[in-house]
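Chemist: Handing you this structure, nothing more for now.
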Amino acid sequence: MAKYFGTDGIRGEVANSTITVEFTQKLGNAVGSLINQKNYPKFVIVGQDTRSSGGFLKFALVSGLNAAGIDVLDLGVVPTPVVAFMTVKHRAAAGFVITASHNKFTDNGIKLFSSNGFKLDDALEEEVEDMIDGDFIYQPQFKFGSYKILANAIDEYIESIHSRFAKFVNYKGKVVVDCAHGAASHNFEALLDKFGINYVSIASNPDGLNINVGCGATCVSNIKKAVKEQKADLGISLDGDADRIIIVDENGQEIDGDGILNILAQYSNICGGTNGIVGTQMTNMSYENHYRANKIPFIRSKVGDRYVLEDLVKYGYKIGGESSGHVINLNFGTTGDGLFTAIQLLAIFSQADKPVSEFKLQGELMQQTLINVPLTKKVAREDLQKVASDVNDVEKRLGNRGRVLLRPSGTEPVLRVMVEADDKSLATNEAEYLVEKVKQKLV
């Protein structure tokens, strides 16, 4: 079981958990030393979101890397997918993002990309963890690394997207965008300006403390309200580091990551094409049934965009994502990318020329009840055997009317209990039954 890494990097409360200056410096030194061992290019890229703690954590990371002899190129405040993009483009050994994604400002963390722009696999994460727990390694003084700033990183990213989609995007509707006071602030607006989009921007004034506060992809009520007030045709909501996207139609109705994937699947010719779709264990069964009916191959991965990516590569598909809004298109990038996904959607909406509401899956979705159960410590998957018989009982009662998923959080001591059924009260009752069993046997 991983000691530091969760499903999406390392994350926690600043100064009151793993996320300290000392740890972050050791992480930089560990990765730098590993780069030396593997004879990779002695050069990495770093970026950050808008949290007040981002600056001092970044420089702790840089000091550990420089001591190990690694040169650092700092992109400043940029969305996470920009770091992945630039890591590949500039042939860096690795890319780091100082971010806690959709979490509150008191948290922070580090996301880490390998040279191909992919999140680290489990084996490489274990190597990094072993190095963190080892000695701090200094290179000889004449081999210390350098530190440089690249001010125009977002311009390279925007130009790459524009060159691919300029001929498709001609959207005439009014758009509201919610940048979560995060890394997309000003950067997303620059991208939309490049395509000539008529938009109103909200939650785009970061002060270091307001990231994700009452806004962003995990608080869709903000964008729903704004779409109605502005009489807009579309709402786009990103999270703090802009690797998630949720959209809202002209009626203020949410379309989550599952719904976005379905739109991309129906118009995959505009998005570069795909032989199938990768969702996750959380993907609503209604979409799985829809893909099957339309002869679109569909695979469920474990939750986490790194696992979506692994299955995209394994099965040779190009498009995948999560209900939460991580959407990956391997025709362009290697990680969840809210900005690029937004442009793909604007291209589709431009070409199809119908209201956003008409792109939604018709009919009622299966009803999901998700309950987070706090635990005293992180639970391993083998611990779930203690409630296996209870899960089996629920599955028997549901029959072919639904399904059950128990999933330990990868970032905190929480067990997520999800029951999906064709009736909301049935899903809720069975979920509450399982929560009681979990509290009796695991808490």
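Sequential numbering from 1, following the chain as shown.
Here the Cβ of each residue, glycine as well, is placed from N, Cα and C on the backbone.
Checked Swiss-Prot, it gives:
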BINDING   Ser101, Asp239, Asp241, Asp243  Mg(2+) binding site
MOD_RES   Ser101  phosphoserine
ACT_SITE  Ser101  active site, phosphoserine intermediate
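Each of the listed features needs to be described in terms of its position in the shown structure.
Modeler: Under the DSSP three-state reduction, Asp239 (Mg(2+) binding site) is assigned to coil, being neither helix nor strand. Cβ environment of Asp239 (Mg(2+) binding site): Ser101, His102, Ala180, Gly182, Asn212, Gly216, Ala217, Thr218, Gly325, Gly338 lie under 8 Å away, each six or more residues apart in the same chain.
In the three-state DSSP reading, Ser101 (Mg(2+) binding site) counts as coil.
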Chemist: Using a 10 Å cut-off on Cβ-Cβ distances across all protein chains shown, tell me which of the binding-site residues (Asp241, Asp243) has the largest neighbour count.
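Modeler: It comes out as Asp241.
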Chemist: Determine, for the Mg(2+) site, the additional residues of the same chain whose CB lies within 8 Å of the mean position of the CB atoms of Ser101, Asp239, Asp241, Asp243; present them in sequence order.
Modeler: Asp49, Pro79, Thr80, Thr99, His102, Gly182, Ala183, Ala217, Leu238, Gly240, Ala242, Arg244, Gly336, Gly338
